[in-house]
């Protein structure tokens, strides 16, 4: 049972221990004040406190959104994409959750995020939600001279001299590869035999004739070509190393590792030839040295990967394979299981056949691999009915196994391909000529050739353009002496004059 006292409400509120609730009508009015936003004729209504959660954005900053205010209709007017604003408004209402509508393309929604100035964090959140792979930062050296040298050797499209250096590097790589292939022709290759003459014993290794008292390999044309190529590769590698922004990160780059692998075999081979002594030239040691030299010289073929530094296509392929390692691992795992199953099955299916081509399960591995990959050399074939059934199932299983991860790999390739082409389109020369009062920005002087620019750099350039336009618009509100060709801007001064 509740008992009501006879004390007035005001007196009870004034007693000690009773909190006094103060009511501020103006604060409550500001809290509940609503604002209307018109997006190309579609009107949205929300509270100001909702927009004020993100004061750095276009709608959250009163000064920024006032540029688009229409005093006649008492609303904010934008000529923007209407379906995108549902997600933009929900970003304010939910406190920072951003999700692209399914009927809005990626590029359009990205432009809307930049226009409403939701910030870098919102853009990164959106990109992660869409499955974009975060781009690695590519810092530049702080020293001006090192920066110029680094751009000259690392970014072929940064300037004309950089292109010339890239062309020279590609030509040297091609000459080295052609020389590596031509020296194996029979007309250039010497047989491994001992030649005795003039008291000097010679031993030939691969294409080089090595003399213990007087070497003739240094006059070999292929050796001279190889030496010239190595001189260029070494010079290029050392210049890159001394100009790089991070010495520790330099050796973690796969391209620099390829450069090292392309150079080291020459010096190992040269050192082995020079260190050879006549008393060590026994047959066993000669065969061992020959095998080692052949393996080392085989590593030279990896020099072809140096072309990927100057080829966007090879870079895209490498990035695709790197991003698809999980799918490729699953593919190899599935193939491994299939090889074990079908090689075992075909062995037991052909076990009773006297002329069976599958003497053991390991011998059947090769047949299972070429069958599952739909190559089918025909060097090993089943002859019994059971073996042919197993072979048919093996081929069908191979097709299905290989086809499953292919769409994911193709999707990754399309992503990296479009990212590279988009980066080239975004790195165009930006120049604003609509009004002489627009301040020039040094960030706008980016040539189209700078296709290596990252998306973060492009967003900074875009932000610089927006800031320049904002400064001009604020001046335009005061002077009204210049017209800016922008459909998203409402000239309040002109509107009031017309009224």
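Note that the numbers count up from 1, one per residue, in the order the chain is shown.
Each Cβ is built from the backbone N, Cα and C atoms, and glycine gets one as well.
Feature annotations, courtesy of Swiss-Prot:
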- 1-160: topological domain 'Cytoplasmic' (TOPO_DOM)
- 1-27: region 'Disordered' (REGION)
- 1-125: region 'Tetramerization domain' (REGION)
- 183-221: topological domain 'Extracellular' (TOPO_DOM)
- 207: N-linked glycosylation site (CARBOHYD)
- 244-254: topological domain 'Cytoplasmic' (TOPO_DOM)
- 252: site 'Important for normal, slow channel gating' (SITE)
- 276-289: topological domain 'Extracellular' (TOPO_DOM)
- 311-325: topological domain 'Cytoplasmic' (TOPO_DOM)
- 312-325: region 'S4-S5 linker' (REGION)
- 348-361: topological domain 'Extracellular' (TOPO_DOM)
- 381: site 'Important for binding with the scorpion mesomartoxin' (SITE)
- 382-388: topological domain 'Extracellular' (TOPO_DOM)
- 418-499: topological domain 'Cytoplasmic' (TOPO_DOM)
- 429: phosphotyrosine (MOD_RES)
- 434: phosphoserine (MOD_RES)
- 440: phosphoserine (MOD_RES)
- 441: phosphoserine (MOD_RES)
- 449: phosphoserine (MOD_RES)
- 458: phosphotyrosine (MOD_RES)
- 468: phosphoserine (MOD_RES)
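Within its own chain, the region 'S4-S5 linker' (312-325) is flanked in space by residues 133, 254, 305, 405, 408-409, 412-413, 416-417, 420, which lie at least six positions past its ends and keep a Cβ under 8 Å from the stretch.
In the predicted model, the topological domain 'Cytoplasmic' (1-160) has a mean pLDDT of 78. Same-chain neighbours of the topological domain 'Extracellular' (348-361): 367, 380-384, 386-387, 389-390, counting only residues six or more beyond its ends whose CB sits under 8 Å from a CB of the stretch. Remote same-chain residues near the topological domain 'Extracellular' (382-388) are listed as 346, 349-350, 352-353, 355-358 (criterion: CB distance under 8 Å, separation of at least six residues from the stretch ends). Residues 139-142, 146, 150, 318 of the same chain lie 6 or more positions beyond the ends of the topological domain 'Cytoplasmic' (244-254) yet place their CB under 8 Å from a CB of it. Residue counts of the topological domain 'Extracellular' (348-361) by helix, strand and coil are 3 helix, 0 strand, 11 coil (DSSP-based).
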